[in-house]
Amino acid sequence: MGLHTLLLLLLLRISASAAASRPPLDTLGIPPQDEAYFRGGVIRCRDGSGRFARDKLNDDFCDCPDGTDEPGTSACPEGKFYCQNAGHSPITIFSSRVNDGICDCCDGSDEYDSNVTCKNTCWEAGKAARDKLKKKVATYKSGVVIRNQEIQKAKVAFAKDEAELAKLKGEEKILQGLVDKLTEQKKLIEKAEEEERLRKEKEEKRMKEEAEKQAADEKKASDASQEVDSQENHETVQEDESKVAEHHDGHATSHDNHTPESESSVEQHDPESQDDISIKAAPADESPPEETSAAPTKEQESTPADSEGLSREELGRLVASRWTGEKVDEVSKDDKNEHEAEHDMPEHSEETHEDESDVPESAEDSYAGYHSEVEDDRHKYDDEDFSHESDDEYVDDHDEHVASYKSDDDQKGDDHSDFTASGQASWLDKIQQTVQNVLRTFNFFKTPVDLSEASRVRKEYDDASSKLSKIQSRISTLTDKLKHDFGKEKEFYYFYDQCFESKEGKYVYKVCPFKKASQVEGHSTTSLGRWDKFEESYRVMQFSNGDRCWNGPDRSLKVRLRCGLNNELNGVDEPSRCEYVAVLSTPALCDEQKLKELEQKLEASSNQRDHDEL
């Protein structure tokens, strides 16, 4: 009897406990924040499709298509059931899982009318969740401190980069002006050098043409001289033969006494002695017109002896000199000797007149006055006053230019000493001063161009252009950097120059925020995309337009950010073909607002536990 009574009391207590843990039927499955919506006598379906009376709430019959009237039963497939899970985290499940024989809620409230008895495990699960929540709160607290420090650094760095960019733009403007001036001067130098080059080419061409023309004239004169000499030799031979014949007829009785003279005459007219004949004829035309009538004969007599050792080539040059006006030292000496011999041998005057009459008039006319014209041309530029005057002008101009250049260098040295003394002059001021000195020094109207000064202008142009190029490159880098969105408080600013890596199997994944993401296998690199944007309020980084998959889309990567004390990339996966995901822990996500929410959640969980224990 006593045992029976104890069992009955135990069953009644268990039933009472189960009834106490189960909420009332009319509020079953309704979230606490929605209870006010169901307090009226007539309740409207949330989708606006109809209305229902309060007594039809959770009557296991679906009146609203969206399941508004059946949150605690499985009558409506679109209904939602709220698990309170006291001591742990509440969750929401589909109403179709209510009373299906599977315990979905840790407090067992979803199986209130089934054959399954669900054990309440919320305390055990809640304790583990609270411990995890406590760790998360601690991480957030430390992360918030790090984040605030990084934000302060980022703001200072951002302001510094903005100031540098503004300064560089100002320097670029000044330096661009200097480069433009130097470019203009450089073009003038190149133009002057080109004009000088063309002038030299033209002068060289003219001199070459004159040389060719002179050579042609000399050849023509040589050919004509040879032709005249040949004609004169022919006439001389005929005259000599005629005289020999007359002389032979007049002295036929004295043949034996004149045999040596005849042999000598024959030898003189032998074909092998034609060179001697041409030598004899040449000096007759070479003597000046002002000489006495006896001079040609003396020259004819002396020429064979003086020119006996000359070759045909030398004789040709001797004859050609009469055409070109050039003097031959040996011929001049022979002429002098002939003039001296002329006064010592007057007895040959008659013979001289006879030989002079034999010279063709055409030859004398063709050479008459030519020597005097050549001499006039030869002494046309022998004006000593003109030579000295031009030399003085050049020296004065050169000295004046050198003095000007030296004064600029001295002033440059003085300026440099001033900069050293003050210590306040920047590199840009020095460049400006140097360029001004160069532009003042260089004389663009001087011909030919001063190579040292031109080289100096080019050097300053190269230096200024190189500096300008570096400044423009830095401006481009800063402009590209500062155009990005670094978060509400610039919390992601220090991400710009960083890359994060994670090894997953045989691959190494590399993520560089604001730039690119890649997958590396050995020496092969596959692009997972270039920087696109932030998503979900700076909680996701999106990389798009990577390498195309074979017969598929372009690769892409989404990096989900979460609070962490260090920047660590992990959890890289490919849930869909060529669509990658990863997780990046960073202090940048440890914001104070989220920390407050977690602290409130932890406090609420602790208060609920204390209340339930009571």
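The backbone N, Cα and C atoms fix where each Cβ goes, and this holds for glycine too.
Small disclaimer: the values here were computed from a predicted structure and weren't measured.
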Candidates CYS512, CYS578; Swiss-Prot says the disulfide mate of CYS549 is CYS578
Do any residues at least six apart in sequence from ASN115 (N-linked glycosylation site), in the same chain, have a Cβ closer than 8 Å to its Cβ, and if so which, in order?
-> GLY101
Using DSSP three-state counts, the residues of the domain 'MRH' (497-592) come to 4 helix, 61 strand, 31 coil
Using DSSP, break the compositional bias 'Basic and acidic residues' (194-222) down into helix, strand and coil residues and give each count.
-> 29 helix, 0 strand, 0 coil
ASN115 (N-linked glycosylation site): secondary structure state under DSSP, collapsed to three categories | coil
Tell me, what is the mean pLDDT of the domain 'MRH' (497-592)?
-> 94
